[in-house]
Ligand SMILES: Cc1ncc(COP(=O)(O)O)c(C=O)c1O
C-alpha cells in the first residue's frame, strides 16, 4: 500500500535511468521518451555537459542563501536577459512560483489587482496560480478562489477589449496553451493584447514555463509573434530536470521589487544555477534553435501524413518540438499502447496526443518513433 498521497494517476512503470532521448525501466525495457518529463529534459536525459557542471558544483558548494552575492546567479541571469526582452531576473523553484512572482510584481508595479487570463490556460497549482488557471477541473473542491482573476475566451480580442480597463494590472497568457491542448494564440490576438495593455497601462505577462528554453524553436515562444512582454516566466527546461525557475522582467518593472518584496530560500541555489548555466549554453544558440524548428516541422508533417489515415484525426498543431495531434475521440488507449510498444508520449486534454521530445532528439530517433506509432496504429486497427 503506497504511503504517498494519490494525487497523481501514475503509470505502472518505473523509469530507472536515462540517456539522451532513451530511458530504461526497472525491467531494463527501453523507451523513446517523447515527453522529456513534460517538457523538462530539453537537452536530453543526463546530458554530459549538464552532468559535468552539476558534478563539479556538487563537490564545491550546494547552498548558501540569497543573503550572499552570487556570481553564478548573475551569469545565468545575464544569459536569460541576453536571450529575451528582460533586464532583471528573480530565481525560484517551479513554474507556479515563477508565475506567483509575476503576479506579485504586476500588482506592486501597477498598484492594481485585476488580472485577465484565458479559458483552458494552465498557470500552476498554488492558490494564486490556481485562481489564474482557466480550467474548472484544477479548482474543483478548493473554492472559493482568490478574487481578481478574470477568465476570457482565448483568441477573442473583442472580449478582451470589453474587459481590459484602467483597473487592470496585467494580462497573463501562454502563447501556446500546453496543458489546455497545445492551442496556439493567433498573432493578431497577441499583438492586439500588447497594444491594449499599453493603452490601459496594464502589463503583459507571458507564461513561458512550457514554451520557453528553446521548446518552440526560439529562446522563448513569444519571439515568434513580434511582441515584447513586460514579464515572462520560465521553469521546466531551465535546469534540464534540476528544479529551478525564473521570472524575468523589463527595465520598466525592475524597480518595483526592492529588498524584502519577495524571496525564496532555495531560489537560484548554486546547484540549480550550475544546471541552468550548462543548459542555456547549449540551447541559446541560433543554429541549435534553427534545428529544433526543422526537426519540429519534419516530425509534425510525418505525423499529419500518418494520422490522415485515422478517420477521427482532426489535425496537428506545432511550433518547434511542442506538438499536439487532435482527434475527435479520446486518445488514452493509443497513448497506453504506445507506451507498451516503447514510445512515451502524453495527452493534453482527453483528445490530444502531445509530443515533447528532447530538443536534442536525432532524426533517427524521430523515424524510430514514427515506426512505433505506425505499428501501434495498425495493431489497434485505427487506420483505414
Ligand atoms: C504553462 C505552465 N505554467 C505553469 C506550470 C506550473 O509549473 P510547475 O508544475 O513547475 O509549478 C506549468 C506546468 O505544467 C505550465 O505548463
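Glycine is treated like the rest: Cβ placed from N, Cα and C.
Sequence-distant contacts of residue 207 (pyridoxal 5'-phosphate binding site), defined as residues of its own chain at least six apart whose C-beta falls under 8 angstroms from its C-beta, comprise 95, 99, 102, 121, 123, 172, 173, 174, 232, 233. DSSP classifies residue 207 (pyridoxal 5'-phosphate binding site) as strand under the three-state reduction. According to TrEMBL, the pyridoxal 5'-phosphate binding site annotation covers 95, 96, 122, 207, 208, 209, 210, 265.
According to TrEMBL, the feature N(2)-acetyl-L-ornithine binding site maps to 125, 264. All protein chains shown were included, and the count of other CB atoms within 10 Å of the CB of residue 264 (N(2)-acetyl-L-ornithine binding site) stands at 17.
What TrEMBL lists as N6-(pyridoxal phosphate)lysine is 236. Close to residue 236 (N6-(pyridoxal phosphate)lysine) in the fold, though at least 6 residues off in sequence, lie 38, 39, 40, 42, 95, 209, 210, 212, 213, 215, each with a CB less than 8 Å from its CB. The DSSP secondary structure for residue 236 (N6-(pyridoxal phosphate)lysine) is helix.
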TODO: Would you mind checking how many other C-beta atoms are within 10 angstroms of the C-beta on residue 95 (pyridoxal 5'-phosphate binding site)?
DONE: 25
Open item on the list: Sequence gap of 6 or more, Cβ distance under 8 Å: name the residues on the same chain that satisfy this around residue 125 (N(2)-acetyl-L-ornithine binding site), in order along the sequence.
Closed with: 96, 133, 138
- [ ] Report the binding-site residues (208, 264, 265) that meet this criterion: Cβ distance to the nearest atom of ligand 1 under 6 Å. Use sequence order and write none if nothing qualifies.
- [x] none
Open item on the list: Counting other Cβ atoms within 10 Å of each residue's Cβ, which of the binding-site residues 210, 265 comes out lowest?
Closed with: 265
- [ ] Would you mind listing, in sequence order, the residues at least six apart from residue 208 (pyridoxal 5'-phosphate binding site) in the same chain with a Cβ closer than 8 Å to its Cβ?
- [x] 174, 175, 220, 221, 222, 232, 233, 234
